[in-house]
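To start, the structure under review is shown below, and the notes come after it.
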Amino acid sequence: MYDSPLRKTEVDTNASKISARDVQVYYGDTHAIKDVNVEILDKTVTAFIGPSGCGKSTFLRTLNRMNDTIDICRVEGLIELDGEDIYDKRVDPVQLRAKVGMVFQKPNPFPKSIYDNVAYGPRIHGLARNKAELDEIVEKALRRGAIWNEVKDRLDAPGTGLSGGQQQRLCIARAVATEPEVLLMDEPCSALDPIATSQVEELIDELRENYSVVIVTHSMQQAARVSQKTAFFHLGNLVEYGDTSQIFTNPVDPRTESYITGRIG
Amino acid sequence: MPVLWLILIVLALAVAGYVAGRARAISGAGDDRRALHSLPSYYGWNVAMKVMVPAFLVLIVWLIAQPFIVNTKATSLLPESAIPEGSTLGLVMSDVRRVADGLDLSVAQGLLSAGDAATLTVGGSDIRAMLGSAGVAVGTEITPEVLAAAQSYRSTNATGDLLRSIVVIGLGLIGGALALAQTNPDFRARNAVERGIRAILVGAASLAILTTIGIVLSLVFNTIEFFRIYPASEFFGSFTWSPSFGGGSQLGIWPLLWGTLYISLIALLVSVPIGLFAAVYLSEYAGPKFRAVAKPALELLAGIPTIVYGLFALLTVGPLLLSVFGRDGLGWMQAGTAVMTAGLVMGIMLIPFVSSLSDDIINAVPQSLRDGSYGLGATKSETIKQVILPAALPGIVGAILLAASRAIGETMIVVMGAGAAARLSLNPFDAMTTVTAKIVSQLTGDADFASPEALVAFALGMTLFVMTLGLNVFALFIVRKYREQYD
């Protein structure tokens, strides 16, 4: 389980990017996240694992305030990005989401051309001075998304016409194009076949050079392959958080051990 | 036997058939319903259906066919000489029917015995006075030919009614008996009922289609009739609309078509932005509580009869516009009835069409697209403008085209709000009129129905029909072509 060829480097930075302290999330009367404390490091892939409904996706969505779009959702506690409270009244959630990008479980390309999909973020944030610069940004993002070679001849074709795996890589390229500092990925491979999955995983490992990546996954092999840090959630609690190698070989909490060996889930 | 009784008898037969079929199936299975192929009620329905369907079908056909046959027979009794100078066969035939009705009434009131009614002759008594005392006034003196035709009319009708009752009840009995004979535990009653239901549904659907075809055909034949007496080149080529029932009228369609399009254009300019923005607000910004109140309230607008909108145009909007643009204000407007009045009010009428359909379409855009856009740091209005509206565009275009075809076909608001003058003008504060309003004014009134001034209504109707049909087909085409873009 721990023999992935992708692991090239160990955790090489300890700079904290996002720190969460005593975070509580409520959906109406349901207490979905309880007392979560976590430090997410820069230039690191952090995996959130845990059984369905344990709150890992909910917690992920609190990190870029995507839960704001849900009326009944309420967040308490402190979440800081680079030392600044992201739930402060002065923070514009729209600016925050430009810094903390997100890739979703189901590929969701816009019904536009491939080019316009990727250029969407740079255009609304005004990142390019002219068309040539925009072309450059799009090409760079598509290369980062490891899909440039497949689509470079048909940038005007609709993004919805691509295969599932290509669509997901297009969505990653789209998220990368806005130059976020953190990339949140909510089960990005759950709708993909093994080949597309391995392409996306390679991509995640490359993205680590520039970004802090947080990935929610149901596949423990995937968590072990791509991440350096792992957090195990169970019933809304953060049970254990540590180096991936330690979580998968020598878990402290008995619940973690039960889960990664397949006894609970 | 009256038709109502006939229907009740067939229904009673069906109920009896249901009970009998059910009982027969259960007893055939030795009181063990598990041995039946279908549930017992299916055997009952099978019998009831086979009683009702043929009987009612024949009844309907008979009800349509009998008057034709009776009429033909009575007509054949009228010699050429029985039709007075300056009259027509149709007028004489209506006399015949009145006399026949009068005889029926006289018999019913006891003024005449049934036998006397059949053998009555003109010389015997003053039939006209007798019919008058029975409550039927006959205009002219009754000739022997008319009386004979009326008597034949009555007797054929009576025979027809009797035969109809016998045939319908007989068919019901035969159908029921055959179905009962079929009924045994192995009979697949469930499948038979399924086929029957399918046939009934197909019948309902084809009836709707046949009616449409009937409407179109009646339009087409009358339109052809019109073009036979009025040149098509004049109709499509003249820019003047001045019908005069004394003859020598000019019936050019362009002033009417221009009025229709101008009013529809203003109506769409009002309704499309307001309706679309309302839909965007309701589906994207409004909270669930406000939405629960506002959406039905907006749809209430669609339920207001157009005559009420017409009153609103005539009494409120017209005077209001007049006070601003009229002689006391800018001086562009002569009277309260104008293209602008009708267009504004019609636009208000169309708002719910646009907003309700667009709202449904915007809601059908998957949430994942919104999430994707928000996740990239887009604001709500950026998301709506760049992702949601493009994705919903085909549906919205469809909604707008449907609203346009409503606008083109609207009558009441135009009659009351736009005036009656057919003119070609660019000033939206002038009174104009539309195709629909002119159809009404050409057909109501005491015009000779064979004159081009009346028949032109059908050509106008045909033009409208072709226009709205074209718009609807185009709307469907747009919706179909782009529908699956985000699925």
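Placement of Cβ uses the backbone N, Cα and C atoms for every residue, glycine included.
All annotation found in TrEMBL is predicted automatically rather than curated by experts.
Database features (TrEMBL):
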DOMAIN    B:257-475  domain 'ABC transmembrane type-1'
TRANSMEM  B:41-65  transmembrane segment
TRANSMEM  B:162-180  transmembrane segment
TRANSMEM  B:200-223  transmembrane segment
TRANSMEM  B:260-282  transmembrane segment
TRANSMEM  B:302-325  transmembrane segment
TRANSMEM  B:331-354  transmembrane segment
TRANSMEM  B:387-408  transmembrane segment
TRANSMEM  B:454-479  transmembrane segment
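In summary, the transmembrane segment (B:331-354) lies against the transmembrane segment (B:260-282): three or more C-beta pairs, each 6 or more positions apart in sequence, are under 8 Å. Within the chain, the transmembrane segment (B:454-479) has long-range Cβ neighbours (under 8 A, six or more residues past its boundaries) at 216, 219-220, 222-223, 225-227, 229-230, 235, 243, 251, 253, 256-257, 260, 394-395, 397-398, 401-402, 404-405, 408-409, 435-436, 438-439, 442-443, 447-448.
Residues of the same chain lying 6 or more positions beyond the ends of the transmembrane segment (B:41-65) and with a Cβ under 8 Å from any Cβ of it are 3, 6-7, 10-11, 13-15, 17-22, 24-25, 160, 164, 167-169, 171-173, 175-176, 178-180, 182-183, 187, 189-190, 192-193, 196, 199-200.
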